[in-house]
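Novice: Sharing a structure, written as structure tokens. Questions coming.
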Amino acid sequence: MAVRSRRPWVSVALGLVLGFTAASWLIAPRVAELSEKRRRGSSLCSYYGRSATGPRADAQQLLPQPQSRPRLEQSPPPASHELPGPQQPEAAPGGPSFRSSPWQQPALLPQRRRGHTPEGATALPGAPAAKGEPEEEDGGAADPRKGGRPGSSHNGSGDGGAAVPTSGPGDFLYVGVMTAQKYLGSRALAAQRTWARFIPGRVEFFSSQQSPSAALGQPPPPLPVIALPGVDDSYPPQKKSFMMIKYMHDHYLDKYEWFMRADDDVYIKGDKLEEFLRSLNSSKPLYLGQTGLGNTEELGKLGLEPGENFCMGGPGMIFSREVLRRMVPHIGECLREMYTTHEDVEVGRCVRRFGGTQCVWSYEMQQLFHENYEHNRKGYIQDLHNSKIHAAITLHPNKRPAYQYRLHNYMLSRKISELRYRTIQLHRESALMSKLSNSEVSKEDQQLGRTPSFNHFQPRERNEVMEWEFLTGKLLYSAAENQPPRQSINSILRSALDDTVLQVMEMINENAKSRGRLIDFKEIQYGYRRVDPMHGVEYILDLLLLYKRHKGRKLTVPVRRHAYLQQPFSKPFFREVEELDVNRLVESINSGTQSFSVISNSLKILSSLQEAKDIGGHNEKKVHILVPLVGRYDIFLRFMENFESTCLIPKQNVKLVIILFSRDAGQESIKHIELIQEYQSRYPSAEMMLIPMKGEFSRGLGLEMASSQFDNDTLLLFCDVDLIFRGDFLQRCRDNTVQGQQVYYPIIFSQYDPKVTHMRNPPTEGDFVFSKETGFWRDYGYGITCIYKSDLLGAGGFDTSIQGWGLEDVDLYNKVILSGLRPFRSQEVGVVHIFHPVHCDPNLDPKQYKMCLGSKASTFASTMQLAELWLEKHLGVRDNRTLS
């Protein structure tokens, strides 16, 4: 009886199971068809649905697809927000029942499992479409890219509880760059060549529907450009921004975890951005960027309620995959209901309304997504030596390609410094492990792996002690021979100090958040600096800091700290400007009779060294020596004797050009002309040229007139009659002057008055004696110059309005710097400025007269010698120690 009583219940249960099964087979397809019709009810954005590239087997194996029927479209939205597109034809029988997209789809993702029902409009529960508006077109069940998975709650936990696959470095981030057709060859190309290469994913540029460069008839630049149909380059780019976001959603939603909308004038640090995003969960609805509320004039006019915000478009907006999944189906409604002309405000409103989130409220976002708020900003970030620049992930703006390349160059230089510092750390670890394992430490580890210390070098004599330079925030005090005792800190040292202090502050504030305090740098009170040639640069800095405590009782107090720092040198690197053809070089060496070879075991470089008399032969670049002159026949006679021994007898490849100024009838120039004719008759093959000029002496005018006689590839040497030089100087003039790049400005050794300096111990070595007693390096003079004619013209030439002595060389030097040429300055041991009495004309320009008096005072003797002479004359004290 008990068994029989159970049979009716078993029959009822079996009937329910069969009934539900039949309903799923008979009713579910009809429900899916009705849902499909409702999804097509919207006329907005339907043109931008997913594409159907023909009937696909994997699409047809899912559910039976109803045929598309003609239907009445809704009344179109206002023209200002309508997305135009051609009317789509009906789908072929048996084919997919959705409209085709004008974009070409990427490769299909793996087919979904049989039995999964297609996702509808992917509208969120609790965030439906507006009342009276049908849901946006989804693209149907045939498109697997939508990511439709039944049972997905869209609450940030992923797809129906399934684990989100971990993305690799190539499919992590998708960056869409908004640009315009006119910027494809400039801003967009600069972005592609700089930061876009370091993005862990894909970067594409979005422009208008018009093909790139079509109007110019030129091929488009090598950029991955997406032409958005129905979108133009008008500003504000609201439509372009929303359609770009929809393109990301339709094509790459399941391929990338994060999506970024960027401007073409932003700079993105790909490595820092990846590190930041890897720490977040892309399955949650996250909307990242610099939080904005509008400027002062726009407060209350953007349609934002209290507590609402948006992410500013300039530094970039970042969307998680879940935000796009929720928001994009409602983009049509967002476009129809806009309250402002700011596309970033409207995107933020759409995310907040349908994505279930808004731009994160975080103070750090203002630092990570950097917007330049400098006063009178010029379209670029001027100060790069800044902790804010180093901490930022995105930097905006860089309006010109040159600004983008400048910033990228700075970032690469910082990367190089970081890698070199890492090599130093590895050498230290290697040296430590060798010591702990009682093994021999390599020489490279011994040199580069030393711990920081000021005692690496131990002097054994008094003159081996390395002296420190004293510095303040603005001034440098030095005891070096070739430097003034007090000078302003130059730009190179200033940049080095700024970088050093910046690194120190980053080290101090490394754990500032956990410690609950922040320390800001105020200024350098004073400090010391020296360079150890074997180990690095050493600093002792007294820093004024500002201590800020933000945990517990808030406190802000100034503090002073001493910092003992060392910047160690890393391994040197060598680069060949021109690749060395070893086989050809060996043949030339073996065939030569006056050359020999040296093989360097460390560098493996085979080089040829020739005898000195072969240097500067006729196969070298010809040097045109230009000498302006007025009177001073005896000095000119000495110059020609030196020119004969240095150039004429060894047959140097040079040409001498004398610019001879004469007053009155030119009677004083007869001797000069006869002397030149005598040398021409003595050396017929030598090239010498005389350019006579009348009027007051003007060095700039004479050199400008003489240089105009030659073509642009001529190497010019601006010389003075007071100089004597050797052949090695001419070779360095050739080597250190690079056409279009570099100008050689040798620092000349100038003799003191021999009546003062040699009154007790006259020299026997000749004029090329370099010591404190015989002369000084004329580091303030720029008159002796090696430059190409084309570079002289490019810099602007001499100021021919300057009359008399001085200033024309300083003016040209400034022009060379401003023209972008690189001045090469160094002490030149092959040239000596022979002493001559200086006469300063009181009728000179006041600035020229002051410079002339300063030059005259510096030529008498050294400070120590003048002091001895004064003591001997006035006090009868005689001390020969300084002259010994």
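Every residue gets a Cβ built from N, Cα and C, even glycine.
Annotations per Swiss-Prot:
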type	residues	note
BINDING	Asp722, His836	divalent metal cation binding site
COMPBIAS	60-69	compositional bias 'Low complexity'
COMPBIAS	84-96	compositional bias 'Low complexity'
CARBOHYD	Asn155	N-linked glycosylation site
CARBOHYD	Asn281	N-linked glycosylation site
CARBOHYD	Asn712	N-linked glycosylation site
CARBOHYD	Asn880	N-linked glycosylation site
REGION	47-164	region 'Disordered'
REGION	437-456	region 'Disordered'
TOPO_DOM	1-7	topological domain 'Cytoplasmic'
TOPO_DOM	29-884	topological domain 'Lumenal'
TRANSMEM	8-28	transmembrane segment
Novice: Taking residues 6+ outside the region 'Disordered' (437-456), which of them lie with a CB under 8 Å of any CB in it?
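Specialist: For the region 'Disordered' (437-456), the nonlocal Cβ contacts are 423-424, 427-431, 532, 534-535, 538, 564, 566, 568-571.
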Novice: Determine, to the nearest whole angstrom, how far the Cα atom of Asn281 (N-linked glycosylation site) is from the Cα atom of Asn712 (N-linked glycosylation site).
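Specialist: About 63 Å separates the two Cα atoms.
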Novice: Whole-number Å distance between the CA of Asn712 (N-linked glycosylation site) and the CA of Asp722 (divalent metal cation binding site)?
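Specialist: For Asn712 (N-linked glycosylation site) versus Asp722 (divalent metal cation binding site), the Cα atoms are 28 Å apart.
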Novice: The topological domain 'Cytoplasmic' (1-7): mean pLDDT?
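Specialist: Here the predicted model's pLDDT, averaged over the topological domain 'Cytoplasmic' (1-7), is 47.
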